[in-house]
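Listed in TrEMBL for this protein:
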type    : residues                                                       : note
BINDING : GLY207, VAL208, ALA209, GLY210, SER211, GLY212, LYS213, THR214 : ATP binding site
COILED  : 9-63                                                           : coiled coil
DOMAIN  : 186-550                                                        : domain 'UvrD-like helicase ATP-binding'
Amino acid sequence: MEDNFQSAYQEEEDRLNSALTEIDTVLERLRGIPVYTGHDYTEQALEASREQRRKDLAKLRQEPYFGRLDFQGKDEEERKALYIGKIGVDREQVSDRPLVIDWRAPVASLFYSFTGGTEPASYEAPEGLIEGLVYLKRNVVIRKQILERVADTYNRDSDGPAVSDEFLVYRLGENKDNRLRDIVSTIQEEQDKIIRAAKNTALIIQGVAGSGKTTVALHRLAFLLYQYKEQVSAEKMIIFAPNRMFLDYISDVLPELGVGNIAQSTFPDWAADVLGVVLPEQNAAETMSHWFEREGGMPEITGETPGRFKGSTALMGIIDSAIGLLENGTVPEGDFSPWDGSVLRRSMILRWHNEEYAPYPPAKRKERVMARIHRWIEMELKKSPSAAALKDRKKKSAAREKAYSAKWPKYDPLTIYKQIFRAVKVPEDWPAEAPERIPQGVLVSTVKDLKKGILHEEDLPPLLYIHYLLNGSEGGSRFDHIVIDEAQDFSPFQIAVLDLYVKGHSFTILGDLSQGIHAYKGVHAWEEMQTLFAPEQTAYHALTRSYRSTMEIIEFANGILSAGVGSSLLAVPVFRSGNPVRLIAYGQPLPGPAAGGDSRLQAVRTALASLSGREYRTVAVLTRSLREAAELYTELAGQFEDIHLIDGSMTEYRGGLSVLPVYLSKGLEFDAVILADADSDHYGSAAWDAKLMYVGCTRALHELWMLHGEGLPPYLQNGEGTVQGWPE
Ligand SMILES: Nc1ncnc2c1ncn2[C@@H]1O[C@H](COP(=O)(O)OP(=O)(O)OP(=O)(O)O)[C@@H](O)[C@H]1O
């Protein structure tokens with residue numbers, strides 16, 4: 001065994017040296033070509049591609065590849081060793097095999113999809129299905145040109161039939177810094193299927209906590225850009241994530257994969273930008289505090305909860321009828337006369353409006369008709385008998401044109417939205433029943449807020465929809481692909497509106513219903529989104545394995561889900577074992593000297609000192625509310641370095657020690673998590689409380705300590721799988 005390993009290592013070292021020499025030769029040749037600075041467009045394009053290549057190769061020299069797959073196609077005479085890296089490199093000399101194969105290339109899919117066995121394997125290539133035998137699957141760790149590790153996960157000649165998880169477990173055991181990383185060397189089969197799924201589908205992915213949803217979505221973007229080079233561009237792709245800090249947290253992955261320029265935004269930021277409105281930060285903070293900071297838990301959620309109603313397609317229907325009415329009676333009554341004695345018949349204006357410009361949406365149509373009237377006036381002005389008459393007519397016509405334009409309905413999304421809710425005066429011919437279809441509670445609260453000029457996040461999809469119906473997607477600029485992370489917090493209406501802004505229903509929609517802590521606005525079942533699309537336009541995948549946390553943490557968190565939520569969406573752990581989850585009551589004798597403060601503060605301090613003293617790079621203290629996080633932070637800040645309070649307004653994630661309310665921890669991960677106040681005073685018995693605690697627990701990679709006062713919520717009471725008290 002040892003000998004085999006030695007010879008594999010030697011073989012890979014030799015191959016690495018020769019690959020590096022070849023890369024250097026290509027790089028030297030490229031660097032030897034004088035940089036083109038002239039004006040010829042074709043030459044400029046060639047220079048740009050050479051420059052990109054120089055950059056790629058310089059980066060690739062550090063870590064040319066990460067995997068090797070030995071494969072023999074059915075029609076091939078010999079097996080070939082294929083080396084797979086983040087970027088493909090062809091050889092200088094003509095050869096049937098590239099020096100490095102791009103991980104996104106069809107043949108590289110075998111590296112991910114092959115799960116072992118002695119049967120032939122196959123992959124989809126442009127020329128059809130290629131079948132053959134896999135002989136070896138090897139992970140090769142190279143850092144800064146040094147070969148660090150060689151691990152065979154499958155060897156037809158010596159191993160058992162399955163691909164082993166050993167290398168994956170080694171990778172998962174590493175500590176994380178403050179950024180999400182790429183996983184190209186260990187993408188799993190279930191993830192690979194999603195990454196390589198066809199472009200024009202609304203993919204809906206239910207994935208348990210830590211199943212790699214965010215990571216997979218980012219790899220999928222890199223794949224789409226490679227596979228559909230001619231059809232998509234990075235500038236026309238967008239990722240929607242829950243907040244700006246999260247965007248910062250994921251910001252390294254795409255550049256690591258050699259992808260730049262993809263827009264990343266939150267839905268409110270993007271929508272406010274399209275609409276040209278400002279949504280004060282304060283409103284979002286108030287919404288959070290309304291739902292998460294209330295004494296006695298979360299208010300009940302019903303179909304009349306504003307976020308749920310405004311996120312439903314029922315409101316879409318009401319908007320459709322209102323805009324339909326606008327279309328009927330838009331052209332003002334009467335002929336248009338720019339000055340006395342000159343008349344443009346209404347029948348002519350109607351013909352322009354109803355026939356020539358009929359394909360345009362209402363606001364654009366009005367713009368076109370008014371431009372046409374303007375041109376007509378200019379022609380008429382040319383017929384003026386004298387300079388004085390011309391001057392007089394110009395003045396009069398300008399005023400009458402303006403007055404005529406003002407007689408049209410106001411095509412402004414906010415005005416129409418207010419009219420729908422009757423927060424401003426409505427046109428006489430609007431049907432009386434519209435408000436009857438809006439639940440009374442929603443109607444009253446919306447009118448009150450709209451009159452005060454307050455907009456909430458849930459008002460954005462209807463406003464955007466009205467904007468779209470009035471203007472279309474401006475300039476026809478629709479996205480090539482949209483990624484929605486934490487999609488359980490999105491409403492069906494949001495997806496329906498975004499569908500208007502993307503070509504071919506090309507979505508990657510990822511989320512976890514078990515983490516649906518924003519159920520007052522998000523979906524409660526994926527069918528709410530699936531039914532927006534025709535069956536052939538959508539596909540559903542489930543990710544059930546969790547890669548983030550140790551088995552102990554996953555099993556403990558699963559216990560909370562089954563006892564507290566009654567959910568069957570439980571995570572399957574990768575076989576990575578760590579320390580047991582700890583349940584520590586405030587007031588238990590401390591393992592060392594007390595550091596001051598009451599028993600709760602002493603416990604948090606002791607836990608933080610103990611965990612941050614280990615090799616962990618990121619540790620979090622999660623509280624139930626923002627107020628408690630802020631108070632704890634103030635108490636702890638003097639004692640610990642590199643400690644940060646996360647309060648929802650930050651744009652950067654710094655790592656180190658973080659103190660934050662549990663609801664803001666969604667999407668993030670930490671080497672160790674201290675969940676403070678895991679008691680019945682802070683977490684009630686409702687499913688929502690259990691989900692909140694589940695989110696907190698599943699943020700931990702290696703270590704989870706639950707600190708608590710008296711009384712535990714029912715779903716923690718059996719304490720199964722935990723140890724109680726402080727470590728020795
Ligand atoms: N195939 C893999 N190989 C190595 N690491 C992986 C793999 N898949 C996921 N991971 C790691 O698991 C962790 C969780 O990934 P990610 O944050 O993308 O999951 P998620 O499903 O979005 O989680 P959540 O819903 O809980 O926020 C990350 O550290 C990621 O690097």
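In case you wondered, yes, glycine gets a Cβ from its N, Cα and C as well.
Just so you know, TrEMBL annotations never went through curation; they're auto-generated.
Annotated ATP site GLY207, VAL208, ALA209, GLY210, SER211, GLY212, LYS213, THR214; additional same-chain residues within 8 Å of its Cβ mean position, judged by their own Cβ, are ASP512, LEU543, SER546, TYR547, ARG548. Contact annotation for binding-site residues (GLY207, VAL208, ALA209, GLY210, SER211, LYS213) versus ligand 1: GLY207, ALA209, GLY210, SER211, LYS213, each with CB under 6 Å from a ligand atom. The DSSP secondary structure for GLY207 (ATP binding site) is strand. Secondary structure from DSSP puts THR214 (ATP binding site) in a helix. Counted within 10 Å of its Cβ, the other Cβ atoms near THR214 (ATP binding site) come to 22, all protein chains included.
Ranked by how many other Cβ atoms sit within 10 Å of their Cβ, the binding-site residues VAL208, ALA209 place ALA209 at the bottom. Within its own chain, LYS213 (ATP binding site) has ILE205, GLY207, ASP485, LEU510, GLY511, ASP512, LEU543 as residues 6 or more apart in sequence whose C-beta sits under 8 angstroms from its own. Using a 10 Å Cβ-Cβ cutoff, GLY210 (ATP binding site) registers 25 neighbours. Every protein chain considered, the tally of other Cβ atoms within 10 Å of the Cβ of GLY212 (ATP binding site) stands at 26.
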